[in-house]
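To start, the structure itself, in structure tokens.
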Amino acid sequence: MERKVSRICLASEPNITYFLQVSWEGTVGSGFDITLTDGHSAWTATVSESEISQEADDMAMEKEKYADELRKALVSGSGSDTYRFIFSRESCHFSLEKELKDVSFRLGSFNLDKVPNSTEVIRELICYCLDTIAENQAKNEHLQKENERLLRDWNDVQGRFEKCVTAKEALEADLYQRFILVLNEKKTKIRSLHKLLGEIQQLENNLKPESEATCSESATEQDAIHEGSADEDGGASVPAPATLCKEDSLFSSPDVTDIAPSRKRRHHMQKNLGTEPKMAPQEQHLPGKERIGLPPHCLTP
């Protein structure tokens, strides 16, 4: 059976302290016992489930909601200013009200019976309070020991955590240093590659003007050679090697008749006749192109 003892003040006697005890099995809605005492006299009553249902019907409330309001007033809110307790010693009528701003409504009223031997009730109430205090003290001691154990565990965990943090920071610093070394090595390699690339490009740029100058000098020398050859020939133009080769090919072609044998035969005939031929007239009769392209032995008289 659950029991709750609280200290209350009556609205009619605010300077006098009363003690209210409520005990129930299961829930308050299934019925409860109520005991009121001022330390000298005691009053008690038993409220059944049917009476609670009747009070709920009179107030037009659901039974569960009404039982919850009774529990708050008698058990949870005994020391609150939200609820007012009224008791009459003459009629032994006990009632409780709930105040909402300027409005108050009655939650319930009970007729109490005066206990003939109030000393026994008070003694039982005091024993219950002492047992509750001892039980609560034992719970507090157990909770205190549990708190101390949890505090030790927490300190142990905190120490391990600090060690983990220190190891993590050391590992991060080591990894950072290694990363810096690798990064600097990569930067140095990249700079060396850039420098090597620049040197190669500079070397290529330096070689280009030299090759161009060499080509221009070769062209100038060839032009000078051609001009010198032209001056030696008395201003006559000397055919290019390609032209000479072409003319030689023309003379050596089967389609071109070689005039050298006929000239030899004529020369032989003139020698036999005792006449001296002149070369100039014969050469004049030959085309200009043939005179230039004939070999030297063909021009010999």
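Going from the start of the chain as shown, residues are counted 1 onward.
Cβ coordinates come from backbone N, Cα and C, glycine included.
TrEMBL entries are annotated by machine, without manual review.
Look at TrEMBL and you will find 17-112 tagged as domain 'XRCC4 N-terminal'.
TrEMBL lists 117-193 with the feature domain 'XRCC4 coiled-coil'.
According to TrEMBL, the region 'Disordered' annotation covers 207-241 (among others).
Under the heading compositional bias 'Low complexity', TrEMBL lists 212-221.
The domain 'XRCC4 C-terminal' annotation in TrEMBL covers 220-293.
What TrEMBL records for 253-301 (among others) is region 'Disordered'.
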Write out how many residues of the domain 'XRCC4 coiled-coil' (117-193) are helix, how many strand and how many coil, based on DSSP. 76 helix, 0 strand, 1 coil
When secondary structure is assigned with DSSP, how many helix, strand and coil residues does the domain 'XRCC4 N-terminal' (17-112) contain? 27 helix, 43 strand, 26 coil
